Amino acid sequence: MPSFDEVLKEAGEFGRFQKRIFFLLSQTGITFSSLYASVVFLGRAPGNFWCRIPGAAELSERCGWTLQEERNFTVLPLHLGNESVSGECERLDVTWDASASCASPLARYGNHSTGSLPLAPCHDNWGYEQPHSSMVSEYDLVCGNAWMLDLSQAILNLGFLAGAFILGYAADRYGRIPIYLLSCLGVGISGIIVAFSPNFTVFMIFRFLQGMFGKGTWMTCYVIVTEIVGSDQRIVGIVIQMFFTLGIIILPGIAYLIPTWQGIQLAISLPNFLFLLYYWVVPESPRWLLTRKKGEKALKIMHDIAKHNGKFLSPHYSEITVSNEEVSNPSFLDLVRTPQMRRNTLILMYAWFTSALIYQGLVMRLGIIGGNLYLDFFISGAVELPAAFLIIVTIDRFGRRLPFAMSNIVASIACLITAFLPEDIPWLKTTLATLGRLSITIAFEVVYLVNSELYPTTLRNFGVSLCSSLCDLGGIIAPFLLFRLAAIWLELPLIIFSILAAVCGLLVLLLPETKGIPLPETVEDVEQLPSHFGKCGKKRKQRDTNSYI
């Protein structure tokens, strides 16, 4: 009986059929990246806001004040008494009632100068010039509640983490396509509820669910694409991430054209319903069908693939075998039991954590540094496009380890220099920050490839899932680290990013080089992987080549 890879080679490893499926499923990257980075625009600063005096809403309605007039009556007296008081997080400790004058609501306190009136902190009553432009103004995420914006992004990443485990397991058990379609439906429905949430609690619950289902769409589409192409087409895993970058580029255009946060939320959520049409055009993964003992369905799909690719399968193919079936119930101990496996696992977990934390931190930083948010975000997204090209050009020429290490080192240097550059040379500051963004994007994309090449077949899926879960942990920590440290000093997060990236750049040099080496089949193969350049690598490659002859 032929193996699946043998049948796939005859049907076409990356023909017209696979290219069509690749293009269709890659669109998921656009919607997922928009969700991933949406907090920059959903939670943007709401413009001018002030702490409202109790009774201000009723008095403003009775007097017919505009928002600006109400703000003047509220904030200007504060400035007269104390210029250092902004009026955003504290107010005069007074109350406006029905007896207050429309022309001078503070006249009843005329015996006191405004400077002698006591102040009170603001807890739950603010006024905004643009009340529905941001979820910050919608749910009063300002002053003492500002940390709740960080929490909203952390909850999204917690949903990503839950989706990786729950939906990843479900996709292995029930199939790739059913879970992909369920996830698309879940993202769309939860996204609509997020947009119209009556309170912040409901918002957080469904933002978590949107993150969980969103990770399900991205993860399953990535798996389907890689499972229907030949083993020599590893480049597909890099190219599909260009669609993730495309979503980052499109997002500021959506936010520029749509003035409200609800509109932006709907614009990035509703397209997921269109993916439900894939039920009729994207087949189940034949590799998965074989693991579930459904060889006849797998063979039928392989005949369809061959037909669309202009190929023809031999009529004697009546059954397919799948080689290298994975062991059941792997555990974390399997990943750290031997020296090389232990070192690889710990370094990869740190690399995933660092890449995600720095990448997401640099993305969200654009929302707090001022300037033209839309243009800056577009430029920073566009600069990610060369990342995939640079990876493709360098990994087969220089190997995996050197580009992996250098991208982290360059990101570290760029972040460090950016932090200490003066504000009066913005072009240089922007250039270096952009270089840091490009470098960490390269590191983020390389870790996908390296992770799968450093685990044996029997532990590969489990190892990649476990290590990449640290990516979501980094995303959970990123908003708290960025916004809280930036409140101390705007550039302090860049110092932390620089240190983390430098350590990662040094650690990945300890990983084995996998250029030109077959994927390891057993733990013993991993233990024998070369840990330095030179004759050792060449001997290993020659030995493995001979073993296939």
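One-based numbering along the chain as shown.
Just so it is clear, glycine is given a Cβ too, placed from its N, Cα and C backbone atoms.
The feature transmembrane segment is assigned by TrEMBL to 21-42 (among others).
Residues annotated as domain 'Major facilitator superfamily (MFS) profile' in TrEMBL: 99-516.
Counting only same-chain residues 6+ beyond the ends of the transmembrane segment (151-170), those with a CB under 8 A from a CB of the stretch are 35, 39, 43, 135, 141, 179, 183, 203-204, 207-216, 219-220, 360, 364, 465, 468-469, 471-473, 475-480. Annotated transmembrane segment per TrEMBL: 151-170 (among others), in sequence order.
The feature transmembrane segment is assigned by TrEMBL to 177-196 (among others).
TrEMBL lists 202-225 (among others) with the feature transmembrane segment.
Annotated transmembrane segment per TrEMBL: 237-258 (among others), in sequence order. Among residues of the same chain six or more beyond the transmembrane segment (237-258), those with a C-beta under 8 A of the stretch's C-beta atoms are 22, 25-34, 36-38, 40-41, 221-222, 225-226, 264, 267-268, 363, 373-375, 377-378, 380-382, 384-385, 387-388, 391-392, 441, 445, 448-449, 452.
As annotated by TrEMBL, transmembrane segment applies to 264-282 (among others). Through the fold, the transmembrane segment (264-282) approaches residues 21, 24-25, 27-28, 30-31, 34-35, 38, 41-42, 177, 180-181, 184-185, 187-188, 190-192, 194-195, 210, 217, 224, 251, 254-255, 258 of its own chain, all at least 6 residues removed from its boundaries and within a Cβ separation under 8 Å.
The annotation transmembrane segment is assigned in TrEMBL to 347-368 (among others).
Listed as Cβ neighbours of the transmembrane segment (374-395) (distance under 8 Å, sequence separation of 6 or more from its ends, same chain) are residues 40, 235, 238-239, 241-242, 245, 248-249, 251-253, 255-256, 362-363, 366, 402-403, 430, 433-434, 437-438, 441-442, 445-446, 449, 515. Under the heading transmembrane segment, TrEMBL lists 374-395 (among others).
Under the heading transmembrane segment, TrEMBL lists 402-421 (among others). Sequence-distant contacts of the transmembrane segment (402-421) (same chain, at least 6 residues past either end, Cβ-Cβ under 8 Å): 351, 354, 358, 390-391, 394-395, 428-429, 432-433, 435-436, 439-440, 442-443, 446-447, 450, 491-492, 494-495, 497-502, 504-506, 508-509, 511.
Annotation comment: TrEMBL describes 427-450 (among others) as transmembrane segment. Proximity of distant same-chain residues to the transmembrane segment (427-450), defined by a Cβ-Cβ separation under 8 Å and at least 6 residues beyond the stretch ends, is recorded for 234, 237-238, 241, 245, 348, 351-352, 355-356, 358-359, 362, 376, 379-380, 383-384, 386-388, 390-391, 395, 400-401, 403-404, 407-408, 410-411, 414-415, 417-418, 421, 497, 501, 504, 508, 511, 514.
What TrEMBL records for 462-482 (among others) is transmembrane segment.
Proximity of distant same-chain residues to the transmembrane segment (488-511), defined by a Cβ-Cβ separation under 8 Å and at least 6 residues beyond the stretch ends, is recorded for 343-344, 347-348, 350-351, 354-355, 357-358, 361-362, 365, 368-369, 400-401, 404-409, 411-413, 415-416, 418-420, 436, 440, 443, 450, 454, 481-482, 531. Annotated transmembrane segment per TrEMBL: 488-511 (among others), in sequence order.
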- Query: Going along the chain, which residues at least six beyond the ends of the transmembrane segment (462-482) come within the CB cut-off of under 8 Å?
  - Reply: 39, 147, 149-151, 153-154, 156-158, 160-161, 164-165, 168, 215, 326, 330, 332, 334-335, 345, 348-350, 352-357, 360-361, 364-365, 368, 451-452, 454-455, 493, 496
- Among 21-42, 202-225, 347-368, point out the range having the most Cβ pairs under 8 angstroms from the transmembrane segment (177-196). 202-225
